[in-house]
């Protein structure tokens, strides 16, 4: 089975799909991390928010596409409110304060999900348009998962164009590199940070709603994705788009192929990689900051 | 800097007496809660030693709890070592793991240290979870308690057991208090404040960090050996990273860098958890709210606020180095910038 190229190809697509999900989550976290040294453990909770809200919208309207469009916006609004009420106040505090505050948010979200949506796992069905299997290279593969891969790549492309080719993108890059200097040159780093934070929330919500048809929606789904996302951010390097995509691909492939090839070690592999990165290259593979 | 001030000693003595009284007076359920508090207190005070005084904020502390518990189980149940000796020997791997973690992470600071310890903790957790020899996700049941019948102590009596656990917690508190007033403790706080200066003084930063990590790990492992005997059961659940997070919450809610505060925090969180569970399952929500309120209120925690209040009332200026102590949580970031 392991030498069957078709089987390995399907696993490769699975790995790619998981990587894209990780990318959607890690990119926002990484850039806010790099921009303001802000650590947000509640990022996973926003992902779960996207999935739950997406579920409710899909149930209410009967259309996955309505959820696809509206849930990320709702998560973005939740993120903006959180920012205004809580996060702004600890933005310049040390990592311990931020870790604890956002850890507290995880607890609050966890029980909020339980109260609103209950403890049971909820299912969301893929949109009818994509709920078929297609044949590629003699293998059948769910079209919806291919859609996810394309979505991740499209988001990467848009973000890349935005960061590399627009004025605001240049401001973001400058602020990540040296926030003080950027603000001396007239960049409103504070406002920029808010915008980046909201974009990160939007993408986390998007990740949640598109993941809903693949994984079941339940309280605690946020903790499951949080750790791999943090690993991607640290391995990739803070604040860089390239780091986020490379880190996501590394972890996504490592976990997928790890489970197929060496199941006994699969769970530990990404932690080993993280530990090795922190020791050998603490700044990550592609840190945005030169120093 | 740590001082065993009168207030700290008084609170410690009060808690100790309350613990002993509760061990004999409380009902069965009360004794269970008491042991739970004492176990969390051990974890929290050793984490405060590492995070509050040493500036190494760890999210992997529960791993040592698990290592201690599992080492005790393997030694006493599978290797046939007498339980009392097994309890002592089980501390060796905890010390070693703590030392190793300290060496490896000696140059990692701030959020990266948090991530590194998280990775370490999860690695141990996942390894245990997937290892059939260690019982996998089911854990191992039927763990024996130490046998002190030779000196007339019956550990299977819930009152005696609870009392022993309280005494053990008190002893560990005294040990850490002593360590922190020794030159080692002073150096550790110095490292937290200004690592480069300590290095310039010719100190081996790596050695001190490894030692601090090893000592904190040993104390957490000691708690693990007691936990295994308490429930007579070990499972990977005890090393989940959220356990480490909860212990960190206790440290903060009690008062970082006070040593006695985390014990107050442990008692507060455990009691709150049980009180809230009486009428709702959603204790996570309340702990989360408390935590956020405590942090927005300045992050001093229950005991820390008491200490600050007493200092204000007695109109004495808080101890000389309080100016640099004012924002201990912010120091780790200095290395990040």
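Any Cβ shown, glycine's included, is placed from N, Cα and C.
What TrEMBL lists as compositional bias 'Low complexity' is B:325-337. Look at TrEMBL and you will find B:318-337 tagged as region 'Disordered'. Annotated transmembrane segment per TrEMBL: B:33-50, B:62-79, B:85-104, B:111-129, B:159-176, B:207-227, B:247-271, B:283-303, in sequence order.
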Highest-contact recorded stretch vs the transmembrane segment (B:207-227), from B:62-79, B:111-129, B:159-176, B:247-271, B:283-303, CB pairs under 8 Å: B:62-79
Criterion met for the transmembrane segment (B:111-129) and the transmembrane segment (B:247-271) (at least three Cβ pairs under 8 Å): no
Cβ-based contact of the transmembrane segment (B:159-176) with the transmembrane segment (B:247-271), 3 or more pairs under 8 Å: yes
The transmembrane segment (B:283-303) versus listed stretches B:33-50, B:62-79, B:85-104, B:247-271: most Cβ pairs under 8 Å: B:247-271
Top partner of the transmembrane segment (B:33-50) among B:62-79, B:85-104, B:247-271 - counted as Cβ pairs under 8 Å: B:247-271
